[in-house]
Amino acid sequence: MSPTDIILLLDSSVRFAVPLMLAALAGLYSERSGIVDIGLEGKMLGGAFAAAATAAVTGSVWLGLAAAMGVSVVMSMIHALASINFRGNQIISGVALNFLAAGFTVFLGHAWFRRGGTTPNLRPDERFSNIELPFAAEIGQVPIVGEIYQQLLSGHSIIVYFAFLMVPVTAFVLYRTRFGLRLRAVGENPKALDTAGISVALLRYRALVVTGLLCGVAGAFLSTAQGANFSENMTSGRGFIALAALIFAKWRPWQAMWTCLLFGVLSASQIRLQGVEFPMIGEVPVQAIQALPYILTVVLLAGFIGRANPPKAIGQPYIKER
Amino acid sequence: MSARQPLPNWVTIVLMPALNVLLAFIIGGLAVAIIGENPLTAMWALFYGAFGTGMGWGFTLHYATNFIFTGLAVAIVFKAGMFNIGGEGQAYVAGLGAIMVALWLDQTHWVFVLFGSTIAAMMMGSLWAIIPAWLQAKRGSHIVITTIMFNFIASAFMSYMLAQVITAPGANAETRTIAEQGRLPLLSDWFDAFQYSPLNITFFFGIAALIFTYVLIWRTKLGYKIRTLGANPEAARYAGISAVYVIIISMAIAGAMAGLMAVNEAVGVQKRLVVGYVHGFGFVGIAVAFMGRSHPVGIALAALLFGALYQGGQELAFELPAVPSDLVVVIQALVILFTGAMGEMFRPLLERIFARRVNPAPEAPTTAETEA
Amino acid sequence: MVEHQTTNAQQPSQAAGSEFAIDLKRVSKAFGPVQANKDIDLAVKRNSIHGIVGENGAGKSTLMSILYGFYTADSGEIWVNGQLVKIKDSSHALELGIGMVHQHFMLVENFTVLENIILGAEGEYLLASSMAKAREELTRLATDYGLNVDPDALIEDLSVGQEQRVEILKALYRGADVLILDEPTGVLTPTEADQLFRILEQLRDEGKTIILITHKLREIMAVTDTVSVMRQGEMVGTLATKDTSPEQLAELMVGRRVLLRVDKTPAEPKDVVLDVKGLSVTDDIGVPRVKDVSFNVRAGEIVGIAGVAGNGQSDLLRAISGMEAPLLGEIRVNGELVRFHGDDSASDARKMGVAHVPEDRLKMGLVTAFEEWENSILGYHESEKYGTGMFLSPKMAIAEAEKRIEMFDIRPRNPRLKTANFSGGNQQKIVLAREMDRDLDVLIVGQPTRGVDIGAIEFIHKHIIELRDKGIAVLLVSVELDEIRALSDRVLVMFDGEIVTELSPDASEREFGLSMAGVDPKEGA
């Protein structure tokens, strides 16, 4: 591979990684607060549909983004209601939300647009367009450094830059702010927070709002930035890969970014590796590369490469009395 | 905690789930109303489609059989205190074993196909369940996450197998079809009432699996160990019950149960293996187990409900083309949400209603005392 | 619930003086059918150490949780510094200057001391400045009250005594004037406890008010100014500590004079049955808990292990019963080696004749969700007595359970009742009946009477003695020194994982006290 090939590969890796990053950071807020979220997938899907449908109807991609965030937050609040107020099983709730999104998006898509579950194609001005950084074309003439600037850094939609901005923001919030301190505490020992006079429920609600917002952005990215419409089950497991990435990153923001980028590289190279003969191994099936993120996560969880210790209180409803 | 009055058993076991299911249907109805159709017509089409005809019953019971298997796969492990989200992948991989044996024996007699593919399916399902079980028991990796990951690994593995290894000549990602003499008998061969429904002999395996599970959990020493570990792991250790053993064995049984779905669906009905044949049934099994409170009787009823939803949904799409059949997925999701994750929603209300009727005596003196 | 209407009239006169930091009037709280607190009156003078004593389950913790806003009282009034208040939650309690040091520490294990201290009282949104401020404040508190802890240490690296200081610092940092300590010495060594008392006295002298909840009379006598006694949810008396005696308090606590004296004849020890040599045990994170312990128990004798909770007794029991693998050393029963080969080794120990009444029946000895009969076979479930081969026969097991219910007078006499619905004493009897009613050579018993009512205590003690007289080797572990002395024929004292000395049950209080604190009585001052 030439340097240009590598840069192009990395560029498409970034595109694959962005929704994962947003969803993984979304999951970080929820899981750090002690609430398991296997419903990232559903929230992204709901967001993707809301964004595409709203953008198609109103012609405004920003309204689409707002709708995506709204829908995703509502779903997150359902999860909060089940997990916090009814002390229900968080895994069941996540499974239900995934089904709910799968069902509702196609049901409403069918009924509203009558295109077999997809939404109408968006015109370029109804989508997030790519932003060219200053002098991208000119600097791009410089070999390697210039190409990196033009191909890799420039020419992405605003959501891509937002996603990368959210990593330091999340790290800052988590480690440098009051909210972050409490968030980390509530996932470890909610009772410590409760006895300090802080409402566990309210804090978890706030965390889940953030989770909803970020999942909504991730969904909007899929249908209005990367794609130009919504199609049935368009998240196709990305929410679960994001969850895997979050675990792989041991629930830390920077590591989550790197893991998502790694998984992005895996996805991007799938296409390129098709039919490529490797010395000694021969041809590697695409499916093996598809499965790799999951296999890596299993291996990590099994403690063969380090240990992934989840927040201690995760998955347990907090019962204040007794 | 505000005094939690014990509710009568029938209220918690029957009324509460019934109210939850009702609420799911009401919201599903609202969704129909939103798209401008008549909810009652849609619900009737759903109901009639599932139970109105012999054929409807046949389909309903056929789907229910799948859900019994995937539901039990969750329930048995749940009794051991763990969560098996891997039914989907276990059933998928089991399909490989089932179809390969079926295709190998399909020139003989359906009896060989039935038993051969059953054993193979159970073994493959078990195998796919034992790995996460072992990782949980020995390495402490969280079984929920591992089984989710294994679903995706199964999916990648199976699409490779179907696309590259056991593909029928000329076909795209599916196996060849089972030969005529190797096909499992349909119940409609014996009972005309079931008409063209796919309900087949595996249905009886479903009934047997329910009975087996009841005996296993409540009438064997292994079941006792499973329940002890599930209710109090520390007590299990104290009692000399090996958690490693119980986790692995209960997952093995669960995987075998999930695997049986392959016999019913792939061997019995589709007569070949196609990509993604499990179609979310493994996930619905989670809802079935939860709604059925991990008890065989409850699971049978919950499986019937979800079977009816699936079948009714197909008919609905036929009868009312304006109402997308995905309504069923919506209702299903709501049923999972309300019975599974928000099961206690109606408790405060019911406690207010029943506590007074059931137990009026102790209330009176307390009030008197406060006023004194 | 309805407020008391009558009490309002008599308030103003009381409020004016407000020599009391805390004044509770007719506070009641019920949990379902259980009346945890009934018409409690409690007045705590400012600048004093006020003790509250009572047995387990007397309602002390509930009362304090009400004061701290963790529970809401069903009825009654709370006056803080002469003001009638309704404490909504713990943050409200903190605003009122009431801080609590819980029995189980409310600390985030993977946080630093500083992070734990500011948690919930951070002030500004960004942590940097509040951390700096807290660090300063911490230095001040440390010098004022002698509460030294490294602010940057992780909680998981601290000793229990240090964690407790962090809890106290947390409360002080929040400006608590009234400090409630719930059973603070349960996990401390006597030395650490004494240090705590010095800190408490210093706090009082600096103007704080302390409420000390405990069931240990020694502590009440050592440190309090005033003492209130609770019994079965009611307040039975408040006395000045200097005017009372442990005997009087004990009598108030239990309602009638109980002398813990068990009738028994001198033991006639025979051969060694349980032989422990050079045993060392570490916990899951590799901390040594039992260090090179050797002792034996002969047939027909009771060997008691005395010591403050947390000095390795639990780990010793777990190793002997086959629940935990020893790091070094060996355990023999009738000369046969007890091997640990996996997480089901407890069943092997049982087969060798080791019966085990665990320290914590709810955590270990019982499955509360099970019916009584199911618990009466726990650990022995593989026996053919309860079903042929792989099958379990509820019928056969219930028949056995009924027999034991009769023998041990377990009430209610219903083997189909959920175990959670039995009282603590009866639950303990279920465990004892299961472990005693069979062929056994060694009985190891941990905390046999913890949380058990007095009637059942006598019954349980009698059965343990009977077993000894039948020629069983009994190893008894209890943190209740009285119990150890009343039952044992020989006493071993454990401190910091080691057996520091062997004493006769008739040895003096002083000897026991010193050796439990890790001081050799022969050398000790």
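We count from 1, first residue shown onward.
Using the three backbone atoms N, Cα and C, a Cβ is placed for every residue, glycine included.
TrEMBL entries are annotated by machine, without manual review.
Annotated transmembrane segment per TrEMBL: B:12-35, B:55-77, B:89-105, B:111-131, B:143-163, B:196-217, B:238-261, B:273-290, B:297-313, B:325-346, in sequence order.
At the 8 Å Cβ cutoff, the transmembrane segment (B:89-105) and the transmembrane segment (B:325-346) share fewer than 3 close pairs (sequence separation 6 or more) and do not count as touching. When Cβ distances are compared across the two stretches, the transmembrane segment (B:111-131) makes no contact with the transmembrane segment (B:325-346), since fewer than 3 pairs at least 6 residues apart fall below 8 angstroms.
Remark: the transmembrane segment (B:196-217) makes no contact with the transmembrane segment (B:12-35), by the rule of 3 or more CB pairs under 8 A. Touching of the transmembrane segment (B:12-35) and the transmembrane segment (B:238-261) is ruled out by the presence of fewer than three CB pairs under 8 A, sequence neighbours closer than 6 excluded.
Comparing B:55-77, B:143-163, B:238-261, B:273-290 for CB pairs under 8 angstroms to the transmembrane segment (B:297-313), the maximum falls on B:55-77. Using the rule of three or more Cβ pairs under 8 Å, pairs at least 6 apart in sequence, the transmembrane segment (B:55-77) is in contact with the transmembrane segment (B:238-261). At the 8 Å Cβ cutoff, the transmembrane segment (B:143-163) and the transmembrane segment (B:325-346) share fewer than 3 close pairs (sequence separation 6 or more) and do not count as touching. Remote same-chain residues near the transmembrane segment (B:325-346) are listed as 16-17, 19-21, 23-25, 27-28, 31-32, 42, 46, 284, 286-287, 290-291, 305-306, 309-310, 312-314, 316-317 (criterion: CB distance under 8 Å, separation of at least six residues from the stretch ends).
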